[in-house]
Amino acid sequence: MRAYLDLLQRVVDEGVPKGDRTGTGTLSVFGHQMRFDLRAGFPLVTTKKVHTRSVFGELLWFLRGDTNVKWLQDRGITIWDEWADEQGDLGPVYGYQWRSWPTPDGRHVDQIAQVVEQIRDSPDSRRHVVSAWNVADIPDMALAPCHTMFQFYVAPPGPGEESGPGRLSCQLYQRSADVFLGVPFNIASYALLTHMVAQVTGLEVGDFVHTLGDAHLYSNHLDQARLQLTREPRPLPRLVLDSSVTELDAFDLEHIAVEGYDPHPGIKAPIAV
């Protein structure tokens, strides 16, 4: 995970002071890209402990099309509580856009089902894209999408693998990236999604490419970032998915595990709401 530490170091060294919606203040850089070979291990930050149950549960919640925090809370996951209303609702956020994008004629598009079908039927298509950035719905969202759009790419088998399956890669564009708290979650979440989609489409995994727009450290995360930068990365863990799961909607928390995760201790930091 040296790529993540390089990002952290870049923001500390080159970030410019900027105000922000929360009033906290940030150091910010614009435009950064990281690439992770998913065959080399599961890209889970090791220089601090990441709460994997929250990462995995949040992704499953998105894939359910859910926009109420109750499902998360029932599983001990509270990462969205600060933005929910009294009924636990968040408005038409990620899950709604992924699974039920509204059309002008009153229909809804299940982008996730559509992209899985496209990967199976037309792997060479350049339209394997899912977007959460629905301009018309943003005013009704508790929080505008930070990770806005992702695209899958199917590469043919490499040299010596002519008879094997292709490799599935994913690129995420993230318009707003909380480098200390959010980005480690985002990397692991989309790496997991790539593994899951690869499994249900009969492919191997390739790369996860993470492209960031405004990559920032909040002013009250700077000491924590500097502490993290003193730590040496440890070997990446291995992701284990239950091989009996053949449809994306069938995945549950019990089907997802990591082996060999040996991180440095966690580093607490306040979340900017």
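Note that Cβ sites are derived from N, Cα and C of the backbone, with glycine treated the same way.
Pulled from Swiss-Prot, these are the features on record:
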- Arg21, Arg126, Arg127, Arg175, Ser176, Ala177, Asp178, Asn186, His216, Leu217, Tyr218: dUMP binding site (BINDING)
- His51, Asp178, Ala272: (6R)-5,10-methylene-5,6,7,8-tetrahydrofolate binding site (BINDING)
- Cys146: active site, nucleophile (ACT_SITE)
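On the structure: features taken from Swiss-Prot.
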| residue | record | DSSP (3 states) |
| --- | --- | --- |
| Arg21 | dUMP binding site | coil |
| His51 | (6R)-5,10-methylene-5,6,7,8-tetrahydrofolate binding site | coil |
| Arg127 | dUMP binding site | coil |
| Cys146 | active site, nucleophile | coil |
| Ser176 | dUMP binding site | strand |
| His216 | dUMP binding site | strand |
| Ala272 | (6R)-5,10-methylene-5,6,7,8-tetrahydrofolate binding site | coil |
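Taking the C-alpha atom of Arg21 (dUMP binding site) as reference, the shortest distance to any of the recorded positions His51, Cys146, Ala272 belongs to Ala272. Sorting the binding-site residues Arg21, His51, Arg127, His216 by the number of other Cβ atoms within 10 Å puts His216 first. Only Asp178, of the recorded positions Arg127, Cys146, Asp178, have a C-alpha within 10 angstroms of the C-alpha of Ala272 ((6R)-5,10-methylene-5,6,7,8-tetrahydrofolate binding site). Taking CA atoms as the reference points, Asp178 (dUMP binding site) and His51 ((6R)-5,10-methylene-5,6,7,8-tetrahydrofolate binding site) are 16 Å apart. If you take the C-beta of Ser176 (dUMP binding site) and look for same-chain residues 6 or more apart in sequence within under 8 angstroms, you find Cys146, Gly213, Asp214, His216. Across the structure, Tyr218 (dUMP binding site) and His51 ((6R)-5,10-methylene-5,6,7,8-tetrahydrofolate binding site) are spaced 20 Å apart at their Cα atoms. All protein chains included, Ala272 ((6R)-5,10-methylene-5,6,7,8-tetrahydrofolate binding site) registers 20 other Cβ atoms within 10 Å of its own Cβ.
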